[in-house]
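Novice: Provided herewith is a single structure, encoded as structure tokens, for subsequent inquiry.
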Amino acid sequence: MMEIRTPKTHKAKRVLEKRAPKLVENGKKTLILHGTKTSATVSSVLMELYRLKKGGAIKYSRRNENIRPFESGGETSLEFFSLKTDCSIFVYGSHTKKRPDNLVLGRMYDHHVYDLIEVGIENFRSLLSFSYDKKIAPHEGSKPFICFTGEGFENVPELKQLKEVLTDLFRGEVVENLNLTGLDRAYICTAVSPTKVFLTHCAIKLKKSGTIVPRIELVEVGPSMDLVIRRNRLPNEGLRKEAMKSSKDKPKKKVKNVDQDDVLGKLGRVYIPEQEVGKIPLPDKSKGVKRERREGKVKKNKEEGSASKKLKESE
Amino acid sequence: MDTEMDQIYQIDVGNLLAFNPNHRFSSAPSSREELVKECVTEGTKLVQAIADTLFNFPSTESVDGPLVQLPPPTTKLPREKHLPRPKPPTKWEEFALKKGIQKRKKDKIVYDETTDKFKRRHGYDRVNDDNDIPIIEAKASDEPGEDPFAKRLDDKKKRVDKQQKNRLQNLKSAAKAGALPSHVQLAASALPITGTKAQPKKLGKEELGDVAGLAATSTASGGKFDKKLPGEKPPKKQGKHHKYLPVVPRYGWVDEEKEQTNKVLGKLLSKHSHEILNVGKAINMYNDKKEKKKSGRSDKLKPKKDITKKKPYANKANK
């Protein structure tokens, strides 16, 4: 036996509608968690990543022993968390002897794992180790510039995937209107070698130049680290095709039969199709329905002045 | 989108993204600081390139600063969730399509002929409210014992149930197509499979806690040395449960102790009243009987009863 369950409060309804699949989606939220053992580096990386992505990230503080992203059964917990928190990107940190200072960046499609990439952290410098003028510190939640340098990002498939994942991670919400004064941060990723990427976070200083376009100066503020590619998992073709489908794939239909006239304004053309007299659906001519008959009867009864039988009103 | 710079960058303004595919480290950087410096300078060039296009967009002034309209992003990134699937038409929609029935916009306020007023279509004080009808005229087809008001209520209930069933069917077919509306969830409700048996009552948290305690008291040592599971709460009231009432009652108050004992006594007596022998009464009864026997059964003044005659029904009913 099935029963229908609807939310009892408006707030619950709004939350459900926010999480429903839409044509134009909300910004992806990030889930940050760690495994059985973490080193100091990994835990500070996770903490700082969370701080950078404050508005759109959820950080779990407990350790999760049964999450193994690259194993077939070890993803169920991740998928469950993704469903509960409505997060489609996750960052899973761990530290083992075989894989020290490990970070797994993964994405979800329909709350199932879409792709994974595992990187090792080297030469990590924390936020706190950078000294800079506090006035230029980037504000929370501002839209960042993302820059990739190096031919590796085009030639090496793992780096290509990393580029996509990092874009997704740092992008935040897709906005239409941007406030130019609110641009204060940039992420710089450089492919140092086919397996190593140098990632750093900088604040933007706008300097006066002769033209409208100010001169940009970057000051390193945030965490900087070297990412060494370890393992990765690409999405399978079918899933990738489905995920990449967007509503704008079909070109917008040209609006036909509408003209703009300077004098008359907007003009339209109406085409009347050929009337196939034999195929027109006939109106409901059953006796009781006819308005004339009904009204006639009412009139008659009024004239007679007697208590009338109530007519069955058919809709 | 390319710029006219020496090195052609791939710029996606919608995402504020820039990619320089042509950079190569000419020589292995000598130290880390050198590496960092070079990366930051390259990054600056890229950000500058994006800013060039960005600041040249037509901007509108707003309270916070100049607002610029960003073009849609060009890099394709995978979606988070699937595209919303089209909902299959409901049973009514199919029927309406087949018959060519168009949706008519209904007014919220309708003219009520019985009261010559404008009333709302749904809600409080509505047009054609079922509860407002004072008199229902009897028809030839009505049965004599039937309550027409109750019948109307019953009909309405049936209609509502039918509608609920149809709604469930529509939602099920939508769920099958993967297009369930976001605010609805279909859940399996727990109903007993056996039709006649009542649903087994679910034990609550407190009851389950009591059961363990009950089982413990039935052990030889009264549950004192039983191994307790982690998290199990200690048994509630140990030892004998006896409330002693004050023998001398408070001034003006009911003597509770006396009441208690009287209550117990009363119960005992009423329960065993048939066993308790009232000796005096028994002796009198015995003597009466004896005297009756002695005087003789034949009493000519009393009419003789005829056993063969059957008593009428009325007497039997009074029994």
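Here the Cβ of each residue, glycine as well, is placed from N, Cα and C on the backbone.
Sharing the record's features from TrEMBL:
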REGION    B:65-90  region 'Disordered'
REGION    B:122-178  region 'Disordered'
COMPBIAS  B:148-164  compositional bias 'Basic and acidic residues'
REGION    B:214-244  region 'Disordered'
COMPBIAS  B:214-223  compositional bias 'Low complexity'
COMPBIAS  B:224-235  compositional bias 'Basic and acidic residues'
REGION    B:282-319  region 'Disordered'
COMPBIAS  B:296-306  compositional bias 'Basic and acidic residues'
COMPBIAS  B:307-319  compositional bias 'Basic residues'
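So that I understand the layout, could you describe where these features sit and how close they are to other parts?
Specialist: Beyond its flanks by at least six residues, the region 'Disordered' (B:214-244) meets no residue of its own chain at a Cβ-Cβ distance under 8 Å.
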Novice: List the helix, strand and coil residue totals of the region 'Disordered' (B:65-90) as derived from DSSP.
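Specialist: Tallying H, G and I as helix, E and B as strand, the rest coil: 0 helix, 4 strand, 22 coil.
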Novice: Looking only at residues six or more beyond either end of the region 'Disordered' (B:65-90), which have a C-beta under 8 A from one in the stretch?
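Specialist: Distal contacts: 1, 12-15, 17, 54, 57-59, 97, 170, 173-174, 177-179, 181.
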